[in-house]
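Working notes for the structure below.
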Amino acid sequence: MSVSATPAATVSVPGALRHDWQQVELLALFELPFPELLHRAASVHRQHFDPAEVQVSTLLSVKTGGCPEDCAYCPQAQRYHTGVDAQKLMSTEAVLEKARQAKAAGASRFCMGAAWRSPKDRDIPKVAAMIREVKALGLETCATLGMLSAPQADALKSAGLDYYNHNLDTAPDYYGEIIHTRDYQDRLDTLGHVRDAGMKTCCGGIVGMGESRAQRAGLLLALANLPAHPDSVPINRLVQVEGTPLHGTAELDPFEFVRTIAIARLTMPRSMVRLSAGRESMSDELQALCFAAGANSIFHGEKLLTTGNPDVERDQALFARLGLRPMAVQVESGTVHADIVETAACERAA
Ligand code: SF4
């Protein structure tokens, strides 16, 4: 029996890097029979990655709570009563101790997150010192600090920052339901400053916030049609925290979450697709389906900002059961921006 797929689901060359995806194509992918979608995503995954390897990152909240923004999912927004106490920026030495522990536990990348609308210029030298010291341990460095100006992005790059995380969160036409204190263009501007500074981007979103399937497709469309695909694409599943406006939102069907992962893999074939927040509540079987659908990065260990995360032992046991292994840390000469490599290859061939 032939697989019923709409023409729109079959037009693209599997695994090709594109920035001209259309909403109708992504919706057609969402409509594919589940095994067919997984097969396509797994095939593209193998074109670009060893499917037995999973990149492991650790995220440390270096400044928790007290954020003036109003992201409807976030327990760190000071306007919601979630029991998260505002803390000051950690000392460099305290961050370094956590980074050493993360490395010992197998992490190759260490991400430092601060609950800021944007860093103040006086904060940049303190964060830069953390970045330099963590990098000296042999870890890739990532930071998520809110909106950045161009000079701030340049300063972080000069300190040795490899990745900057800044999510689009959701589709443009659902964004106004979730955040009111900054707009979509602010996010795109920060991502532009990060790219212009020469850093790699980590950019994804959150699903299960009450958005429609078309809006999930809209999020992936916005990500896949960025000027360069994000090097890492975290796909978060909403962690419902009491006190936030999204507490009580209807749960997303787990198979719909796997479909979202698969379509992220198909539309951004060279990016690391990351299981991020929400993984703690996923069964081993659901995580295995996500790996089969092309997810190849996780956060583990330390608390994922202020929500829980499976402990290291559970991850190690799951990797052993599935025959997966942590991806080795990439040396600077070996880390490449997917789109830049592809573009260079095209230019040489032209
Ligand atoms: S997601 Fe970030 S910017 Fe939004 S409220 Fe939370 S800490 Fe602030």
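Note that Cβ sites are derived from N, Cα and C of the backbone, with glycine treated the same way.
Predicted, not measured: the structure shown is a model, and the values here were computed from it.
For the [2Fe-2S] cluster site that TrEMBL gives as Cys111, Cys142, Cys202, the extra residue drawn from Arg40, Arg274, Arg279 is Arg274. Across all of the domain 'Radical SAM core' (52-279), the predicted model scores a mean pLDDT of 94. In this structure, of the binding-site residues Cys71, Cys111, the smallest number of CB atoms within 10 A of the CB marks Cys71. Neighbours of the [2Fe-2S] cluster site: apart from Cys111, Cys142, Cys202, Arg274, residues of the same chain with C-beta atoms within 8 angstroms of the site's C-beta centroid are Ser57, Leu59, Arg109, Thr144, Tyr163, Asn165, Ser232, Pro234, Phe299. A simple way to gauge crowding: the CB of Cys74 ([4Fe-4S] cluster binding site) has 26 other CB atoms within 10 angstroms, across all the protein chains here. Checked against ligand 1, the binding-site residues Cys142, Cys202, Arg274 give no residue with a Cβ under 6 Å from it.
The Cβ of Cys202 ([2Fe-2S] cluster binding site) has 29 other Cβ atoms within 10 Å, all protein chains considered.
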